[in-house]
Amino acid sequence: MAEPLLTEHQHQPQTSNCTGAAVVHEEHTSERPPSAEERVPKEDSRWQSRASLQSGSRPGQEGEGGLKHQLPPLQTNACPELSSLEKGEKGQNGEDLSTGGASPSAEGEPMSESLVQPGHDSEATKQEAPAAGGEEPWGQQQRQLGKKKHRRRPSKKKRHWKPYYKLTWEEKKKFDEKQSLRASRVRAEMFAKGQPVAPYNTTQFLMDDHDQEEPDLKTGLYPKRAAAKSDDTSDEDFVEEAGEEDGGSDGMGGDGSEFLQRDFSETYERYHAESLQNMSKQELIKEYLELEKCLSRKEDENNRLRLESKRLGGVDARVRELELELDRLRAENLQLLTENELHRQQERAPLSKFGD
């Protein structure tokens, strides 16, 4: 039944513009129900096809019209109004066929609808799929262009700052050298510009003075000798000596002086080690020879003092013997004086008796 309808539409002239289609569409709109005109926009072919489907499925118009409305439209170059016109004509012919009482087509309506509808949906999905596939990469590209790349990275060279008192000896040494080089560079720049330059604030001259001398580092190892109280010393002198032993003028006791001595010794040793490390090989050899000469000189002086102490030790023993003899004689003299006094008293006593 649909073949004569398709042939009629094929023989109709196809125009690229929509003028002829609009005229034919106006002729057929009078036959369409008013409900479809109210619900369907004129320029949208999708809504017109749904409206034609609703008009074909109204009560009293069941037949092949519903099936023909489900058929896909012909692929032409005409405007959407032409396709809607063709669908409207199909619906009109379907109504005529249904009014003619074609009962076999009415019985096969559900099966035909189930067969035609999936094809229409598949075509719609095929037409929409390329558009969606084209929009997706475009959207991703826009998102990538709109998104800013994170270019800030954590710095690999971080300054791990530490207070000076927490630095090790090597770190302090590097820091001091760096500061001295920087100060020398700044002073040279200021001197070149003609600005007054102050001397670099350092205590190197003090260390140089200590390096020239060789202080006795073993003074804190030996215990202090107790002051011997002689006969000619007074109690006040002894109290003053005891006060000096307990604490000095700075108010620190023996522990404080030992701490200062130990701290000075450690500082001097570190400085001496630094000076030796900075010396060249020739300078080290020269220093070693000087130390050997100094050692031999000290050994000779030590031997001389030892001999003198031995000789003085013999003299001291003789002096000690004489002192003991003097003490014995003094005690004996005192005893003789007491006895002499007693004898004098005894001699005076009988003379007084005779006088009475």
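Residue numbering: from 1, along the chain as shown.
Even glycines carry a Cβ here, placed using N, Cα and C.
What Swiss-Prot lists as compositional bias 'Basic and acidic residues' is 1-11 (among others).
What Swiss-Prot records for 24-47 (among others) is compositional bias 'Basic and acidic residues'.
Here Swiss-Prot flags 48-58 as compositional bias 'Polar residues'.
Positions annotated as compositional bias 'Basic and acidic residues' by Swiss-Prot: 84-93 (among others).
Feature annotation from Swiss-Prot assigns phosphoserine to Ser98 (among others).
Sequence annotations record features per position, and here Swiss-Prot assigns phosphoserine to Ser103 (among others).
The annotation phosphoserine is assigned in Swiss-Prot to Ser230 (among others).
Summarising the annotation, Swiss-Prot assigns phosphothreonine to Thr233.
The phosphoserine annotation in Swiss-Prot covers Ser234 (among others).
Summarising the annotation, Swiss-Prot assigns phosphoserine to Ser249 (among others) and lists a large-scale study or a structure entry as the type of evidence.
According to Swiss-Prot, the feature phosphoserine maps to Ser257 (among others). According to DSSP, Ser257 (phosphoserine) sits within a helical segment.
For the region 'Interaction with P-TEFb' (199-202), the mean pLDDT of the prediction comes to 68. Taken from Swiss-Prot, the feature region 'Interaction with P-TEFb' covers 199-202.
Per Swiss-Prot, region 'Autoinhibitory acidic region' is recorded for 207-247, and the stated evidence type is similarity to another entry.
The region 'Required for inhibition of ESR1-dependent transcription' feature in Swiss-Prot is assigned to 307-352; the stated evidence is similarity to another entry.
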Next item on the list: Measure from the Cβ of Ser257 (phosphoserine) and count the other Cβ atoms within 10 Å, all protein chains considered.
Entry: 14
